[in-house]
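Accompanying notes for the structure given below.
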Amino acid sequence: MATHANVSLPLPVLPEGWSGEKDFKAIGSISAATQRSIEPVGPHFLAHARRARHKRTFSEDDRIQAQENAKKVEDDDSGEISEPEDPSMLLRDAKDWKQQDHYAVLGLSKYRYKATEDQIKRAHRKKVLKHHPDKRAAAGGTEDDSFFKCIQKATEVLLDPIKRRQFDSVDERADVEPPSKKAAKDGKYYKLWSAVFKAEGRFSKVQPVPKFGDEKSTKEEVDAFYNFFYNFDSWRSFEYQDEDVPDDNENRDQKRHMERKNNNARKKKKTEDSARLRKLVDDAMAGDARIKQFRQEANASKNKKKLDKEQAERDAKEAKEKEKAKAEQDKKDAEEKAKVERESNKKNKEQAKAAVKKNRRVMKGSVKDANYFVEGEAPASAINAVLADVELIQGKIDADETAELADKLRDLKLAADIKKVWTAEAKRLVDGSKIKQSDVQALA
Amino acid sequence: MSAEEAPAQGATPGERVAIGISFGNSNSSIAVTSFDDKAEVIANEDGDRQIPTIISYVDGEEYSGQQAKQQLIRNYKNTVAYFRDYLGQDFKSIDPTHSHASAHPQEHDSTVAFTIQDKEEGEPSTVTVSEIATRHLRRLKQSASDYTGKQVNSAVITIPTNFSEKQKSALTKAATDAGLEVLQLIHEPVAALLAYDARPESKVADKNVVVADLGGTRSDVAVIASRGGIYTILATAHDYEYAGVHLDKVLQDHFAKDFIKWHGTDPREDQRSMAKLKLESEATKKALSIGTNANFSVESLAEGADYASTINRLRYETIARKVLDGFNRLIEGVVKKAGLDVLEIDEVILSGGTSHTPKIAKNFAAIFPESTTILAPSTTPTAINPSELQARGAALQASLIQEYESEDIDQSTHPAVTTVKHLTNAVGVLSITGDETKGIFTPILSAETAVPARRTIHINVPKEGGDVLVKIVEGGSHIKVTKEDPAKTNGNKEDDSDEDSDDEPEERREKIWKVGKVLAEASVKDTKKGGKVEVMINVAGDLAVTVAAREVGAKGGVRGTLSAP
C-alpha cells in the first residue's frame, strides 16, 4: 500500500542503556494465526492473487509492476546511438570542421538527414559523457580536447536548422550512387533506383516525395513520379562550400569580390545540380521497362482501331477476289465442258452417219447377195424395183432401225431368208403406215 | 438454443462483453461498466432497474419482469416467482412458502419443477427450475444486449454467502444455457462492499464492515473485514423471518382489517383479492420509504368493492415494529458472532430493496456508535441506491476480470490462493512511553488482516527530537464498560458525550487497546525536532515479520526480521 497513516502521539524517548545489534532487538514472534478465506473480489485481491501465484513479495511485485510500466520508455533510450568510432576520426582537428562528417562524429551516420533533433541531443550527450576532456584526463589520456571540439561543432551545426540544412545539402555521404547498367540488370533495377531517388528526395521542398515504385506500379504512379522529379523543387544550396570571406574590414573590394565569386559558384553548382538530377531522371527513365511497356500499351491501343479497319478492308478485298476467281473458274469449266460435249456429239453423228451408210451398204449388199430375189441373171427392171424398195425402206427408218435391220441381214446367205426379213420390214412399215402398200413393188 | 448463444463458453477475453447480474429471489438487476469504469445499473425495456424475478406465460407468450408480476393476479398458475432459491436444491430442502400465490413447485427427479402452460396449445408442460432460471437470465441478457448494442456473452453473478456448491453449479449451468459465460460467482455482501469501495472518493483502509442485505424474502447479514482492499468474511447470518414480504404482510393485514370493517369480507381469503392486496401493499411500502404519507387504493378488491385508504409513515413504523426489531436483533447477533463489538464496526452498508425503509437505517444508527457510518439513503445522502449495489459490484468485478483467460480466473480464485492466514491480534507500535503498562498502543496492522500484508505509518517524534524507541507489540482490543453515576457525571467535567444522555445510570462503553506480547524493539537515533518516524511492518505468508524504521526524509534506518512462529 502506498498510503500510510499518520499518528500524532509521539514515540517514546530511547531509555538509557538500551542497546541492540544494529539498533534492533527481536524479542518475540507473532501469535498464531487463523486460516480464513478471503473473498476473490476487487482490484486488491487481483494484486494479491498475482503475488501469490508468482510467489512475489510486496517490494518485488511493486518493482516488477513498475518495470512493466516503465519498460517502454527505457527501451527507447538505448541502442540507437552506438556506433563504433573510427580512430582516425578521433584525431581530427576542429579547425577543418567543414570537412568533418558531423553525423559520424556524433555516431549518427546511419540516420544522417533522418536523425531527429531529439536523437542529436541524446547522441551529443552520450559523446560528451565519453569524450569530455576531463574524462580523458581522468582516464590517463592527454588533455587533448580537439575531438571534443569536433563534437561541439557537429552539435552546433546539426542543432541549428539553417546550418544543418546547409550541411545536409552537401552531405554526399547520404547520396546513393546511381546503379550501373550492369548492376541494374536482373531484377534489381527498381530496388537500386528506389534508393537513389529516396536519397534525392530529401532535397525536395515538397514532401512527401512519390516513390519510385516497382514493376507493379500503375501508369499513374510512374507518371506522377517522373513528373515530380522533372519539376523538382530543391532546397539544396551550396553555401557550405563557400570559400571563406575575409571578415577583416581592411579590404572591402576583396570581400565583395569573394562574395560575388561565392555567389556565382553557388549558382553554378545549383545549375549543375539541377542538370545532374535531370540526367539522373533521364537515365532512370531510359532504362525503365515500365515506360516502354506503357508506351507500347498506349501505341497498341491507339493503333488497334486503325489495324482493325485495315484488317477488315483486307479481309473484304480478299473475299471479293476469291469470289471473282471462283466465278471465272466456273465459267472456264463450263466452256470446256460444252466444247467437249460438242465435239463428242459431232463424232457420234459422224459415227452414226457412217454406221447408217455401212448398214445401208449391208442392206443393198444383201439384196445383191440374194440376186435381187430372182433366179439367174437379174433383169434391170427387177433390180430397179428391188433397189427402189430398199431405198424406200431405208428412207423411212431411222438409224437405230437401220442398225437393227442391218444386223438381221448381215449373216444371212439364203435369198429366201433375206427376202423374209425385207418383207417383214416392209410389212412393219406398212402396218405402221409409214409407207403405202402400193409403193412397195418387189418386197411386198 | 439459437446460434448467437453458441460462443458462451469459447469467448476469448477480447470478445467478451461482460455484465454484472444481481440475481435475487424477488428482483434481479443488471449493470454494465462504462468506459471510465463506472458501473451503471441499466433498465430493461419496461424501464425497470429492479426487474422482478418472475416469468409468466399467457397463451404461450412469455412475459418477464413487471409485466409478469401483474399476471400474479389473473394468471398465477402459469406464473413462476421466487424460484432463485430452488436452484440446485432437491424438493425436500426447499421452502415453498413464497410460491403459494404463484405456480407451485413440484418434485421432479432430483430437482424442482413447475407445471405451467407455456405453450399456446396442448398439455401443460413440466419445466425444471433450471430451465426457468435460464429463461429469466436470457431475458436479462437480452435487455443488456439491447442497451449496450453488443451481444452480451459473459457475466459475473452475485450469490448469497450460503449457496452450496450444488446451487452454484446449477446457477452456472442455467447461465451457460442462457448463453452467458459465468466469469465468476461472487458473494452478494462483497459485491455491495466493492461497489462502495470502487467510488473514486473512497480510500483504501482497514475497516470492519457490516453488510446488511435486506431483500424481499430473506435477509442476509455479513461482517466483513476489509484490510487494504482485501475482504474476509468473518461471520454471516441468514434470516427468512424478517424480510421485505413480512413488511408487506403487515400492511396487508392492516388494510385487510380495515376492509373487513367496511365490507365484512376478508380479501385475504380470495386468491385474486389477495394478489391485488399484496401488489398494492408492496407499492405502498415503497411509497412510504420516500414520502411520509402513502395512498393505498385497489379497484374491486373483493366482491366488486373498491377500496382506498391512506397511511402515514409513523403508523406504518408502529405496526411494523415487530419486523423492524427483528432486523436489529439480526444485525446485533451477527456482530457478536464475528467476535466483535459494535464499537469495532466502522461501516454498515445497507443493501437490498428493503433497505430503503428509513426506519431500519435509523434503528441501525442507534445500535452502532456515532463513529460508525451507516450507508443507507436515509442516513447518508451520498449513499448508493441499495437496490443497485450488488449489480454494480458484480459489473465492476466483471470489468476487472473480463480480460483474463477463464483458466486464470479459476486459478486465482482457487482455495490455494484465497485461503491465507489472518492475524489474530493487531500489531502496532507503542507511543508516549516504552513501558508496556502505560504506553499507548497504536495499531499498524489490524487483527484479521490477511497475510502477506504490509503497512506503513508515520509517527511523530518527541518535540525535542533525539533518539527514540520503536517498540513493536501485539495488541488486543477490549471493551471497557464503566458504570457511571449521573450525578458524578454531571459534577465532573465529562468531555465525552456519548449517544444517550438519560438520567439513569448509564453504561459507558469504549474500545481500548491492551498491550500484549512484545515483538521487537528498535531505535532510531538523532531524529530532528518535529520530525517523523516511518515504521513499516511486513508480515510474510508464513508469519515472519520484517520491521523497518527510519526517520522520514533520512536515509538508512533500522531493519530487522522476526522468524515465523
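Backbone N, Cα and C atoms are what each Cβ position is placed from, and that goes for glycine too.
All TrEMBL annotations are machine predictions without curation.
As recorded in TrEMBL:
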type: COMPBIAS; residues: A:57-74; note: compositional bias 'Basic and acidic residues'
type: COMPBIAS; residues: A:75-86; note: compositional bias 'Acidic residues'
type: COMPBIAS; residues: A:241-250; note: compositional bias 'Acidic residues'
type: COMPBIAS; residues: A:254-269; note: compositional bias 'Basic residues'
type: COMPBIAS; residues: A:270-282; note: compositional bias 'Basic and acidic residues'
type: COMPBIAS; residues: A:307-352; note: compositional bias 'Basic and acidic residues'
type: DOMAIN; residues: A:101-171; note: domain 'J'
type: REGION; residues: A:49-88; note: region 'Disordered'
type: REGION; residues: A:241-361; note: region 'Disordered'
Secondary structure content, the compositional bias 'Basic residues' (A:254-269) (per DSSP, counts of residues): 16 helix, 0 strand, 0 coil
Cβ under 8 Å, sequence separation of at least 6 from the ends of the compositional bias 'Basic residues' (A:254-269): give me the contacting residues as numbers and ranges. 237-239, 241-247
Under DSSP, the compositional bias 'Basic and acidic residues' (A:270-282) has how many residues in helix, strand and coil? 13 helix, 0 strand, 0 coil
Take the domain 'J' (A:101-171) and average the pLDDT across it for me. 82
Helix, strand and coil residues within the region 'Disordered' (A:241-361) as assigned by DSSP: 109 helix, 0 strand, 12 coil
DSSP composition of the domain 'J' (A:101-171), residue counts helix/strand/coil, works out to 52 helix, 0 strand, 19 coil
